[in-house]
Structure formats: C-alpha cells, structure tokens
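Enquirer: Quick one: this structure, given as structure tokens, is what I'll be asking you about.
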Amino acid sequence: MEGLMLPCSLHGSHGGKSLASFPTSTLVSRFQPKCNLPLSTGCRDYAGFIIRTLALIYPSRLHSKKSYMKGPRELRFTTRTSIQPMTEELVEDKSKDFPTSGDSIRQRFLDFYASRGHKVLPSASLVPDDPTVLLTIAGMLQFKPIFLGKVPREVPRATTSQRCIRTNDIENVGRTARHHTFFEMLGNFSFGDYFKKEAIKWAWELSTSEFGLPANRLWVSVYEDDDEAFAIWHDQVGVPAERIKRMGEDDNFWTSGVTGPCGPCSEIYYDFHPERGHSDADLGDDTRFIEFYNLVFMQYNKRDDGSLEPLKQKNIDTGLGLERMARILQKVPNNYETDLIYPIIEKVSELANVSYAFADDPTKLKLKIIGDHLRAIVYLLSDGVVPSNIGRGYVVRRLIRRAVRTGRLLGIKGDGRGNLEGAFLPTIAEKVIDLSMHIDSDVKTRAPRILEELIREELRFVQTLERGEKLLDQMLADALLNAQENGTAPCLSGKDAFLLYDTYGFPVEITMEVADERGVSIDMKGFDIEMENQRRQSQAAHNAVKLSVGNGADLTENVPDTEFLGYDTLSTRAVVEGLLVNGNPVIQVSEGSEVEVLLNRTPFYAESGGQIGDHGLLFVPEAGNQQKAVIEIKDVKKSLRNIFVHKGTIMEGTIEVGREVEAAVDANLRQRAKVHHTATHLLQAALKKVIGQETSQAGSLVAFDRLRFDFNFHRPLEDNELVEIEQLINRWIGDATLLQTEVMPLHDAKRAGAIAMFGEKYGEQVRVVEVPGVSMELCGGTHVSNTSGIRGFKVISEQGIASGIRRIEAVAGEAFIEYVNARDSYMKQLCSTLKVKAEEVTTRVETLLEELRVARNEVSAIRAKAAVYKASIIASNAFPVGASEKVRVLVECMDDIDADSLKSAADYLVDTLQDPAAVILGSCPGEGKVSLVAAFTPGVVDLGIQAGKFIGPIAKLCGGGGGGRPNFAQAGGRKPENLLSALEKARAELVSILSEKAS
C-alpha cells in the first residue's frame, strides 16, 4: 500500500516532525506494538488513534478527502468515508462534509439560530448576578429574571454559547466519557415567542442538516404525558415511534425548585451502536447512547401546593453540549479526545513524560483530570474568582489542589523549563489560554494575572501537601500505638483519612500506600461516608437554579420602569406608583411607618456599581384639604426590573398611591458620592500605572464618607508605591480635566478600551465615563464634571482581605478635608502633651519607647530574680520517687508570678535538683489567668515521659492548653480556681508514672 501523502500545503510540523510526507509504513512502525504480525485488531487501534489525532490537527485536510475502512487483515484507504474509530462499522452520514472543529461547531450553531431570527448574545460571566448559586451552571441562568417575568425581554429570541462550571460530579471527571467541571452549553431561547413545534423542528434540522448526523442514529425522549411533543416528533418530524421513548418525571420534567416555572423536556440522543436494535434499548446506557441536546418547554408555574398552572408566557430553554457534539462529529471515543481538550492533555503528557496513546487506564484518568480542571481553573481565575477557603474561592482552590496532587501522582517535577522547584500548572494553563480566543477573548489579556495566581497557589499548596505528609506520619504512629495498647489491628480512621484529603489535599491513594508500608489499614467505609456527606452538601449548594416569584411580583407587573433624572437634576415632581410595607403592597401608609416607595420618575440614584443609594426627602406640601407629608429616604435600590425602590420612614403625615410628591436629593451627600466615585476611577488608573496593567478590580464601595477599592495583587503595596499613587491622583485632580460621558454600543465601548466594572451587567447600550488621557470606564454612576471638584485625595489604609486580593480605603473631597483637619488636631494635642514641635514628635516618641523598653527589661529582671529566690526556698520540698528513689519531683504553686518568671524559676530548679528531676510549677499572674511550666531533665525524658505531652491534659483542667519540647513545655488557662486541684493531679500522675518507669 502506498504511503499516506498529505497535501503539499501541509509543510508545517508537529512535535518537530514534518508532516509533508508521512508514509503509512512509518506511521505503523512508530505507533503499533513491537510485533511481526499484520495490522490486526490491536495494531489497527493504534493506527486509528494516530489518524484521528492528525484529523484533529488538520480537519480540513483529512476529513474531506481520504479515510479508511476496516479490512480483514489490513488497512484499505478509500475516497468515500471519513476518519473514525477502527472498531466501528461505517454508517454513511453527511457530517464528514462539514468542518468539525470545536470552534466551527460553536459558530455553526450560533449562525444557524441567528439566521432564524435569534439575537446572538455573549456568554455571561462564571460569577453570576444571582445569590442562589455560586457559579454559572447553565445557559439559562442569565435569562432567569426574564423567565420569572421580573424584567421585560429585550429580544423575543436569543442564542448563546455559555461557559459553565459544575463540580457536583467531580469524582466522575475522567472516569466517564462525558463528565466535566468546565463545559460550554450552546443554547437557543424563546421568551414567549415560538414554542414546541419550532424548537423541535429546528433542533432536528440542526442535528441532521447542519451537523449532518444520520437520522437513523438519533433517538428522542419525551415526558410520559407530553403527547403534543410525541406527535410533533413522530408525525411532523418523522422519527419512528420505536425511537421515541416516553420517560418519567425524574428524567424528563424540568423544575427550577420547589415552586416556580417548570415544564416537560425532550432530549435528543446519538446512538453509537444502532446494530443493537430497538428492543430493550436503554437511553441511560452510556456505552451506546449520549444525550447531546435538551429542549425544555417552560409552560407551567408550580404552586406551593404542588399544582401546576399554565404560564402566561411560555418559554423555550435549550442546551446542546459543545464537547458532546464535538465527540460525535470528530468520531473519538470520549469528550477528552476532541480538539477542545486533547491539546491540553498532550501538554500534560509532555510534562509527565508519558504517551497518552500507550498509557494504561489509571494514567489516562490522571491526564484527563488535569486537562479538564485546567480549563475550569483558567476561566474561573479570568472571571475574577480568587482561591480561598469559602464560596467560589474554595471551588477554584479545590480544583487547583486536585490538579497539583494528580500531577505529583503522574511524576511531574518542575515547570518543564528546567526549574525542578517550579510550578507546572502555569505551563499547562498557557495551552488553555492559547485555545481560549473563540471562547473568551478577555482570557488572553488577563493571562499574566492568571499565571501569577497559579504559581502562588501551586507553590503554597506544595508546602501544605508536605505538612500533610508529616501529619500522616503522626497519625500512623498514633494508630500503631493505640493498636498496641488495645491489642487490635492498627487502622487509620476514615475521618483522619478524609481530613488529609480535604484539608491538606492528600490523595487517599497515597495515604493507603504509605499506611500499607507501615502495616496500617484504612477505614475506607468511614472515608466514603465523609466523602458522600461532602458530595451531598455540594450538590445541594451548587446544582440548582432556583426560580420563584415573590409577593411583590403582581405589583411590579403593573408598575412601569422608573425614569432616572439624577444625572441632570437633584429634585423633581413625581407620582407614587406603589407602596410596600414589609414587602407587601399597600395603598396608604401613615406617620412613623417604614415604607418602600415606587415613583414614576426620580432624581435619586439607586445603589449599583459600588455606589450607595442617595439620601433625601419626599415632600408633599399642604394644599387645600391635602395633608402635608414628609418621608425621609435613607436608601434606594433597584428591583430586577429598572424599578427604583426608595426606602425610608414617614416622618409626618400620610402618603398614598397616586399622590404627587416633590423628590429632593440631599445635595451635600450626592456631591460626596460623586467625588468618591470619580476618585475611584482615578485610583484604578493609578494602580495600573504604578503596579501593572494586569491588576483589576475585585469590588468597590463608593460611600459618602470614604471609598473602598478591592483589586487583584499578590503582595502588600510598598510605602513608596502608595505615595506615588497619591501623587498621581492629586496631580490629575490639579490638572482640572473636564470629564466626558457618552452612551454608545457595548462593543464600541470595549473596542475603545473602556474598562468594565467588576460584577456589573451591561445592556447593548452603555454609558462611558472618561477622564481624557487618564481613565475610561463603563459606569452608570454619578461623577464630578471636572477633576478639580475632587479637591484632594488621601489613602487611609491598604491591606489584604483574601489570598491575592488587596483593599485600599481612601477619602476625597469634603471627607479628605475632614480627615486632614482631624489628623492636624490629633497632632496638635500630641505636641502639647509631649511639649515638642510637630517635626520633633517622631524623635520624642522613639526616645520614650526606648526608655519604656529599658524599664520593662529592668522590671522583668527583678521579677525573674524574685522568682528564682522563691524557687530556692521551695527546692527543699522536692521528694524522691521510684524504687531506687533517684528521681526528684517538685510540684508547687508560685502565687502570682508571671509566665516568663515562672520559666526562670523552673530552669533554676532543674539545675539545682540535678538529673534526674521533674518540676511542675503553676501560678495565677492575673485575673482569669493561669500559667503552667513543666521542666524534665534528660534522665526523666529517657524514661519515656515528655513535658509537652504531660502538661497539655493538666492545662485542660484549668480551661486552657499548651505544649512544647520533651524537656520543657509551657501552658496557660482561664480558670485560676482549678489550679491547685490541677497541680495535685499532676503530682499524682508523675508519682504513678515515675514509680513504674524508674522501678
């Protein structure tokens, strides 16, 4: 057979090897096992794997021209069929005629629905604007307010490619062909527009015509009572009845929670083995079927009593798994070998110095885990999630640690660039970033921050892992000791094994291996129970998007969006559209009541973008038979729709729906907020200039008295950096630059370089606030018209609030002047007290501190001498213990001597009593305080008694604890009343132990 000749245009290289001419004999000799047999089944499998790999690298070259068919003892090339696994019989399909890369599948899906009137919308962040979920777990999440009817639809139909994270099935990652922590969900959505008929027909057209899947390989499931969907599939689409499965509520009825929107769903499955026939076919058989498209017909609202009522607006919510469709079209055995993930696995294989093609199943599992987890990690870090021990931060930290420990099991050492102590995850992450352009173009620009965070987190965890190894060693020693004392087989508890796994990231496989070497078994049943408890909690917390309608829904349906006038005026006349008391709608509210007021128009700014809501008054003047009313507004927030909720107290009179009011914002407080908001923009610009462009916002607060800005950075800022930041901002303030604001399309704003504020959601039209030459941000907040209006800026504090997150608090404008005046007042008082000039305060304080230090040292020395003197008096109270009466024991209370002096006394006594001797001393140095010291000479330690272990239980009797070295230990407590009984206990135990050991 002639060699496989690739097109001349393919004069690229792969792994350093030219692919221009690749003889089949060479391919076979390199990749089949060492054997002299013809290309039988095993050898064909290896060749098939390599050809599939080439197809992923050059799909346009190999998918449309040449492929192979299975012969009895050889490979035969034809011009008809496309590349697919050797073990499958060929079924003619049209998918070979189309590009099958992951990027092309995504684009073809979006184009398909765009051509059918759907608006292509961008993926939402993995950090959702929804308190009911930690992370974005479904494509429909960004449309939840529309499905609830809480915000009006902006378009009747939409299509997206949504980045998603799910960790509830993390243990299945790599073990099955389809489970992932990160995946892309392609979706088409209808908001009261089309319904079942169109959704079903388009899903079928997409699958069979656009993607070319053979119709005889597609099966469909419908809800058991959904005759309408069955009829559409069977009568209009033409799917044979034997390939439509009716399934129960658990499988084919979608609910958002206990109450809320719900409805039947229908799923499309691909059949890898149609030769098995229709009888007894089980769609849950992963070896035969894969579900790739789910259509949810959201047509009911579930009430509190469980009954269903039809929704006024019927919606469509669909999801097609990109990785699953790529697996089908690229004809690979699992999602991991698609071009979406396999290049990452290749990088891991390179670092681990293994071949995926020839690896055993356990090794492939590890390679898949790292390939999967690095995708999730990179996109989480890119979207601003910082590793921590709570919430979203814990999710990304757990994924990083799981990837690190899996890499260690693979034998990966160093960063792959010669540094054996370096981190390897950033090297793999670079490949993820290379593949990210068509998924999220922002990942590339955030790459420096992503890689820096990975380096820090990995190296920090390696140290934690080493501590885990030490803890395991101690646990095994304790297990052996307990077994010896109790006459049982040594066993490490499941709880301890899980502690190592969960807290220290210690793989249970390594725990088992090390324990086995020491002759200790592990209670795996107990470990599995702990693991299941955690998994159950994770599923409960992260695997449901809750949709529910509150009491205020009916009210907001009848209330128009609030017209905001606050950019141009601080007062206006408005009409009361609604009133809420304790969340419930009312018609009238009287004096003294807390109330929420909905107006048709308002000058009040509602809390968003970090800026707090305005304060002010709603005022109804007395006229005719109308009573005067005054409502003090202390906060303003937005509902899910653009309705402003004014929260306040009725100070005088009565207010009712339909009444006209004068709405007036507190001008002084608004000015303070404007100053701090513009100063926040300048602060972000200064940070980027001083510490690097890669830093980004992680949260903010714009208040009347201060501003707070959280940002990603790995270390504290130096004093000189803070000074430079202040100088830059104050210089920009002094430049008296006019601000420019403009409303423009979102894509134009991003193209112009505008920075998006953390955690904010934007529509198609956005407001851009620019300080020319300094800053340009998407922002709906209020700002000064000229930087000179800020007057001055001062950093109050800079501190870390989480791993990789720093916080700056600062003041500007009136708050800056108040801060400076207060500090000046404090300095004047200090100068008066110290009787020095302001410039001499530092020197005077340093002198006083030195004098204080010397005085304290002198007092300490006197106390130590007094303690030693007392010790010399009580030394005669020591008594001998043991058959030979060689060990001298002294247990005494030394009244109110402090801890340091107690230590000095103990040192004196062990020297005076000589070896072997054991000394236990206690004192009450202050109210509610106990100090304890244990000092043992080498002769006592050699008998197997350790001071650190002995003093701990004694301290517990005094409500405290402590420990230390074998020869010396200190402890404390909070119950002085128990000291004498604790010392008696210590005396009795010492006598008992020494009598036995020294006999």
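Cβ coordinates are placed from backbone N, Cα and C, and glycine is handled just like the others.
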Enquirer: TrEMBL lists coiled coil for one of the ranges 138-165, 222-249, 726-753, 838-865; which is that range?
Expert: 838-865
Enquirer: Just how many other Cβ atoms lie inside 10 Å of the Cβ on Cys779 (Zn(2+) binding site)?
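Expert: Around the Cβ of Cys779 (Zn(2+) binding site), 27 other Cβ atoms lie within 10 Å.
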Enquirer: What other residues of this chain sit with their CB within 8 A of the center of the CB atoms of His677, His681, Cys779, His783, the recorded Zn(2+) site?
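Expert: Nearby residues not in the site list: Gly609, Lys674, Thr678, Thr680, Val702, Val769, Glu777, Gly781, Thr782.
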Enquirer: How about long-range neighbours of the coiled coil (838-865): same chain, 6 or more residues beyond its ends, C-beta under 8 Å?
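Expert: Sequence-remote neighbours of the coiled coil (838-865) are 827, 830-831, 897-898, 900-901, 904.
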Enquirer: For the domain 'Alanyl-transfer RNA synthetases family profile' (100-822), provide the mean pLDDT of the predicted model.
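Expert: That region's mean pLDDT is 90.
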Enquirer: Count the other Cβ atoms sitting within 10 Å of the Cβ of His783 (Zn(2+) binding site), across every protein chain shown.
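Expert: Around the Cβ of His783 (Zn(2+) binding site), 24 other Cβ atoms lie within 10 Å.
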